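This report refers to the structure that appears directly beneath it.
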């Protein structure tokens with residue numbers, strides 16, 4: 001196991017945005033639904049909804065996109081705006097601190113434009129209150145003046161589409177959630193879909209992929225395109241320094257092993273979590289508070305970042321009594337259950 005003083009400040013397989021991710025993602029991001037790999041049910045539905053809105057010359061219904069980090073929520077929002085042939089203005093929940101911040105964005109929208117709010121679950125209550133009439137009636141209620149002289153005025157807004165993105169749909173208030181006419185959940189990608197994504201990204205990055213190279217990267221990418229693209233960049237570095245720049249299965253395996261991403265896509269934190277359950281708590285069940293204390297990690301990080309992939313891949317179970325390591329987890333580490 002990796003000791004505490006060996007732990008890097010950022011995980012290579014962390015699905016949240018790091019360093020150069022945003023610039024690279026923007027450069028290789030698909031622009032149309034036809035180029036969007038995976039999420040077939042979402043692509044099919046959005047294609048119909050977008051075409052219908054265009055035929056009626058109306059604004060698309062407000063859209064909520066939710067799912068784990070790194071699956072393409074921002075990409076999908078930009079594709080929707082592109083397919084509608086309208087402008088998109090982008091912001092995030094934490095940035096909109098005051099009602100005036102949101103009002104400034106809303107009053108600068110043209111008819112049918114898209115306003116994209118990332119991390120929409122982090123909107124402050126005062127900003128959220130302003131959003132309700134804007135979404136429902138295309139009106140902006142603002143207060144003019146202060147104290148006894150303060151008065152409310154209504155401003156008409158052009159019809160627009162709000163796209164909200166969140167990793168925590170359950171954290172949205174019911175009044176906000178109910179105002180979205182379209183709700184889409186993004187799922188983890190399978191290996192074949194990620195292989196296609198890695199191949200496409202390699203083409204844009206001028207990386208020559210040979211047999212098995214893209215698939216080896218995809219297998220360790222935890223079902224997440226952002227992680228796949230990040231691993232591809234590290235494999236490219238390795239191939240250029242230790243080889244001739246070409247990426248095959250052997251090169252990809254060597255590079256990813258060097259950066260501590262194993263065959264299952266685990267890094268030190270995944271192994272630490274599973275081994276804590278198996279070795280310290282006899283396989284579970286163990287409560288979230290105890291598990292967080294045992295591995296020195298925040299509860300939200302365990303629930304939102306570490307656990308979804310482990311559960312989806314069958315290494316971990318959540319039960320009413322706590323977390324349990326599955327037989328597959330024991331098999332991965334070559335261990336036998338103690339009970």
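Including glycine, each Cβ sits where the backbone N, Cα and C put it.
Here is what Swiss-Prot says about this protein:
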| type | residues | note |
| --- | --- | --- |
| BINDING | 28, 29, 70, 73, 74, 75, 136, 137, 138, 179, 189, 226 | ATP binding site |
| BINDING | 74 | Mg(2+) binding site |
| BINDING | 318, 323 | DNA binding site |
| REGION | 4-189 | region 'Large ATPase domain (RuvB-L)' |
| REGION | 190-260 | region 'Small ATPAse domain (RuvB-S)' |
| REGION | 263-339 | region 'Head domain (RuvB-H)' |
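What Swiss-Prot annotates, mapped onto the structure for a quick look.
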{"residue": "28", "record": "ATP binding site", "DSSP class": "helix"}
{"residue": "70", "record": "ATP binding site", "DSSP class": "coil"}
{"residue": "136", "record": "ATP binding site", "DSSP class": "helix"}
{"residue": "189", "record": "ATP binding site", "DSSP class": "coil"}
{"residue": "318", "record": "DNA binding site", "DSSP class": "strand"}
{"residue": "323", "record": "DNA binding site", "DSSP class": "strand"}
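Taking Cβ-Cβ distances under 8 Å and a sequence separation of 6 or more, the neighbours of residue 189 (ATP binding site) in its chain are 37, 38, 39, 71, 197, 223, 224, 225. If you measure from the Cα atom of residue 28 (ATP binding site) to that of residue 318 (DNA binding site), you get 36 Å. For residue 70 (ATP binding site), the count of additional Cβ atoms within 10 Å of its Cβ stands at 28 [all protein chains shown]. The separation of residue 318 (DNA binding site) from residue 136 (ATP binding site), Cα to Cα, is 38 Å. Counting neighbouring Cβ atoms within 10 Å of each of the binding-site residues (318, 323), the lowest count belongs to 318. For the region 'Head domain (RuvB-H)' (263-339), DSSP puts the residue distribution at 42 helix, 9 strand, 26 coil.
The number of other Cβ atoms within 10 Å of the Cβ belonging to residue 136 (ATP binding site), over all protein chains shown, comes to 12. For the region 'Small ATPAse domain (RuvB-S)' (190-260), the model gives a mean pLDDT of 93. Burial estimate for the binding-site residues (28, 74, 138): highest at 74, by number of other CB atoms within 10 Å. Distance from the CA of residue 138 (ATP binding site) to the CA of residue 323 (DNA binding site) is 46 Å.
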